[in-house]
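Engineer: Structure in structure tokens, see below.
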Amino acid sequence: MRLCGVASAFLSTLILIAHIDASTNLNVSVTDVQNISLPGDQIGNFTQSVSGPPSGDEERTSANSAIRKVDLFVEKLITFQVALRAKINRFLAKLKLAWWRLRNVDPNVTFNKLNLHEADNDILSLDNFHTWVKLVESYNLQHPAEQVSILSKLQEQFGEFEVSIMLEQAKNGADKYTEDIALELQHEQISRWRDDNLSLTALYKALQFGKSEPSLLTGPALRVWNIYTSNIESAETSLFDYLYQTIEDAHLSSLLIAAKQSPETVELATKIQNQLRQKWLEILVPPNLVFQHYKLDTNPTHLLDRPETKLWVRYQKMYWGKTKKEVTLKEMIEDFYKADEIAIIIKSATTDYGKHLAKKLPQCDSKHFKTFHNLTILPLLFVFHYTIGAEDDLSSEKNLISQYNHVPTSCETANCVAGGCLFENCASPLLCRGGLCYFRKCKDATCEGGACIFDNTAEASCPGGGCQFVNVPVTLADGYCDGGGCTLDGDDHPSSLAGSLAE
């Protein structure tokens, strides 16, 4: 302490001299600086040499040189002081450690004496924790019947599953000793879980997978799960099943997209993504919802280059294989993007796959353009309908139907693309893409671009054409008319043609 006091006084004197020298006409030489002495508690005299009246430049040069030398000396002294303090601290720590070992102090006591009871989640990297680990090892050697568990002490302070996350994070630390401790403790914890038959359900809840946090599938919780499941033989539900039951489809899809960006989790994320797609196919999730789940409806830039677009195209093909309902990428883009955004989608394609898809989109129209198209074709539909049907409301239904039979059609005909098509009593789904179609007593029919009349067709929908609903107990609010220009018959339906067009 006496030495530190002398050193502090010495430093203060040097700095004071430097400032005095810089603000006066004194000329300090190298010899003068070297003559600084420290006899006991007294600071040696600082001899100054005064020559004749110096010039301004000489005065500034001499002052700056003296200040630089004093600064250099001060820096060296501070460095020495820091190094000396570190050595003293290490010596005292070793002395304290030896004293505790000699007295066989209980590690639970030394844990608090080292202030580890106040430590945060980074406790595993602290020097005091490393010291305590050595104390525990020494204590356990001398007291085989009174073993102290490092893992139990950590779990007591932080919680069992919180410690599992801490250990996994510490395994990737910069300090080798910390990594070794974390690896050993993790092995002990996994063994305990296995011996206690910890269920995957309990582990899933404890690791809080269901929080839907963005980093969920790229963080340490997933790695802990994988380590435990690789150490047990279990026929329990897979990770995907837990994720699917606790996380909304759109959120889960986003998590998987993020997880695929990490080399550590890309393989698992791809596997779960495939499982999710199979689940969607089982329950026949509509392609437009999958399009949104993949976040393909929000940003037109590089849309065709994204791996999620390829996933959607693959899903659409599988969906068609199960339902025979074709929904194209062109239709999805038209539904979710305006004309100027579609231009961005086409121009921003850079990959070979994206450019290949872009070639199929030059004729894309936005939904706004399709609405205009529907408004144009709808009057033609009604003129056509009432002209060919009869001169008045008493015309027979047979005459009306016969006028539509311009081309050979049957229930096996999936699409009507031109002419007038008649479908009657059909159980299979049918599409009208460009013709004038009449659906009567059919189970399911869709009018995507033509002009259609639905008569007693229970599951009719009009996403793009000009449509009239006859004897169909629905309203526009039921989703039957979700993009086309539509009218509903009679007083049973409050929605009118004018109302639907205004909407």
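Cβ coordinates come from backbone N, Cα and C, glycine included.
Note that the structure is predicted; figures quoted are calculated from it, not measured.
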Engineer: For the motif 'dEER' entry in Swiss-Prot, name the matching range from 57-60, 245-248, 305-308, 493-496.
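Structural biologist: Of the candidate stretches, Swiss-Prot labels 57-60 as motif 'dEER'.
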Engineer: Under DSSP, is Asn108 (N-linked glycosylation site) helix, strand or coil?
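Structural biologist: DSSP assigns Asn108 (N-linked glycosylation site) to helix.
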Engineer: Mind looking up the mean pLDDT for the motif 'dEER' (57-60) in the predicted model?
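Structural biologist: Mean pLDDT for the motif 'dEER' (57-60): 70.
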Engineer: Run through the Cβ atoms and count how many others sit within 10 Å of the one on Asn108 (N-linked glycosylation site).
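Structural biologist: I count 13 other Cβ atoms within 10 Å of it.
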Engineer: For Asn197 (N-linked glycosylation site) and Asn108 (N-linked glycosylation site), what Cα-Cα distance in Å is obtained after rounding to a whole number?
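Structural biologist: Distance between the two Cα atoms comes out at 29 Å.
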